[in-house]
Amino acid sequence: MAETQNDPLLPGYSFNAHLVAGLTPIEANGYLDFFIDRPLGMKGYILNLTIRGEGVINNQGKQFVCRPGDILLFPPGEIHHYGRHPDASEWYHQWVYFRPRAYWQEWLTWPAIFAQTGFFRPDEAHQPHFNELFGQIINAGQGEGRYSELLAINLLEQLLLRRMEAINESLHPPMDNRVRDACQYISDHLADSNFDIASVAQHVCLSPSRLSHLFRQQLGISVLSWREDQRISQAKLLLSTTRMPIATVGRNVGFDDQLYFSRVFKKCTGASPSEFRAGCE
């Protein structure tokens, strides 16, 4: 049986978390000097900031060279094929893997270098602040305190908002109000164990098929997958900040069966609810 990979810099790491962040210091011929190759992308988003050297991003025959100050955004399902540029002696890049909050979506619509890979380069006046924010996200994300992940998520939100301040917002149409309302309805009914897409669609005056299409088009994920992410996120919050019994936590996010809740939670996070709670203490 293969051992679990606990280093997010190496292939095989599961990324079963709402936020993981770090620095990848690639030196020529070093142990990290290989190309990341994920043809199907990932379930969440990845932000990538080059701080030293040069990297190269490949996507179906096209290439992009990233240099210090460049920020790339890989959305769910986007091809990941990148590494140190062969003409550079190093490529140091910071990165943040995350599952976004629903209301972030219009902040995640970036101009693309190709396919769906987004690109942003702050001007010289703003660059130091973005570098500082990235470092703060990594420090918080790697912390072991009860609120470390929430702090990292809030810092990431600040980074996304700082970017929105720095660009012409008219280039980015807002999220469809029906999708936004659907997200709010789902969030308000996480405890409903009889949830179905038809009830959400009826609430926003769409057919289930049309809602499913719009949801995936704008959020890059299915209705049910998004709801499961929100349920697990809320369960983690309740487990880490209250002494509520695990069965009650499960019922609060729509799981009447505690054993089934525990199985789903462990599948999504890599830890059982009791293990997760113990790690927060």
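Each Cβ is built from the backbone N, Cα and C atoms, and glycine gets one as well.
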Checklist entry - What range among 6-29, 174-197, 222-245, 246-269 does Swiss-Prot describe as DNA-binding region? => result 246-269
Next on the checklist: For the feature DNA-binding region as recorded in Swiss-Prot, pick the matching range from 88-109, 198-219.
Outcome noted: 198-219
Checklist outcome for this item: The number of other Cβ atoms within 10 Å of the Cβ of His93 (alpha-L-arabinopyanose binding site), counted over all protein chains shown, is 25
Checklist outcome for this item: Taking every residue in the DNA-binding region (246-269), the average pLDDT works out to 91
